[in-house]
Amino acid sequence: MSTTNNKPPQEEEEEEEDDYMSPLFLAPPTTTSSSLPMKESSLQRRARLKREAEARSRPKSKAELAQEAELQRERAHSTSLLASKPKSKGLAMMAKMGFKPGSTLGSSTSGSAEPIKIAIKEGKEGIGLESDRKRKLRELVEYMEKTEKKQKVEAVDYRERMRREREEQRLEGQIRGAQKVAEGLDTDRGKEKGEEVDKRLLKGIPVVWRGLVKIQEEGERDKRMRRDLEQHALSRLPTYDDEGEDEDDKKALGKKQTVYEAVEDLDEADEELDEFDALTGEERLRRLVEYLRGEHHYCFWCKFQYPDEGMEGCPGLTEEEHD
């Protein structure tokens with residue numbers, strides 16, 4: 001006995017429609033175990049078509065349009081015209097005259113095998129203005145690079161120069177100190193032996209500290225000249241002569257001129273001293289240290305005078321050995 005379906009056709013159509021509330025309906029289509037895509041539901045297809053239509057209908061911004069145009073231009077410039085349009089009329093005419101793609105024009109083979117590339121001019125300036133602007137920009141960049149390098153070099157040179165100057169000042173101070181020590185030790189030894197150093201003759205002084213005495217004498221001579229001028233000016237003023245006036249008072253008031261004993265050979269040429277002064281600071285200091293050690297058993301770095309020539313306990317000749 002056959003059964004009949006008493007449901008109306010409208011209800012059958014509703015049963016065949018997809019369940020819009022099912023989570024499987026909203027999920028994206030997946031692949032089955034046979035790697036075949038599942039059938040797209042009607043709602044998914046409708047949503048996809050809506051997104052595609054919105055993407056097509058959305059107007060592109062100026063930046064996007066400019067970017068697309070730039071990409072198309074770059075793509076066109078990077079592709080050879082011989083490869084992009086192999087069936088153009090111009091290329092066909094050239095092929096009839098014996099031209100082959102990849103070869104140069106003319107009988108010689110020294111020319112270019114590619115057509116002249118197109119240079120797009122951006123802007124509304126004249127033809128030569130852009131090249132002049134690029135040239136000025138390139139010159140400005142080169143000038144800035146050179147200036148930056150020069151500033152770096154000058155900074156390094158300045159620091160190095162200042163370091164050398166400080167080192168030279170420190171070395172000159174050590175030389176002056178060693179000369180004063182040598183002068184004092186030689187003077188004391190001369191007094192003990194009853195043979196004082198005659199400083200009225202520079203050439204009779206040891207050359208290692210002769211320059212110190214010469215500088216002192218030149219300074220004393222300048223002071224003496226200024227004092228003589230002052231005494232000469234005071235002597236022209238009207239003064240009262242007191243017979244019972246003390247000698248010290250006369251000297252203080254400038255009434256009595258002081259007599260100095262000048263060095264006899266101060267202005268004479270001294271080749272030995274000139275040769276010593278021409279040496280480097282390190283060499284002059286070394287000779288002074290050796291003179292103090294040899295003549296007085298005195299170590300300039302230890303600041304101590306040893307009792308004998310062995311100088312037991314002294315680390316050595318140089319400053320580094322005493323660190």
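Placed from the backbone N, Cα and C atoms, the Cβ positions cover glycine too.
Worth saying up front: this structure is predicted, and the values here are computed from it rather than measured.
If you check TrEMBL, you get these features:
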REGION    1-89  region 'Disordered'
COMPBIAS  11-20  compositional bias 'Acidic residues'
COMPBIAS  50-77  compositional bias 'Basic and acidic residues'
DOMAIN    86-132  domain 'G-patch'
COMPBIAS  161-173  compositional bias 'Basic and acidic residues'
REGION    161-192  region 'Disordered'
REGION    232-256  region 'Disordered'
With DSSP as the reference, give the number of residues of the region 'Disordered' (161-192) in helix, strand and coil.
32 helix, 0 strand, 0 coil
Mean pLDDT over the domain 'G-patch' (86-132): what is the value?
73
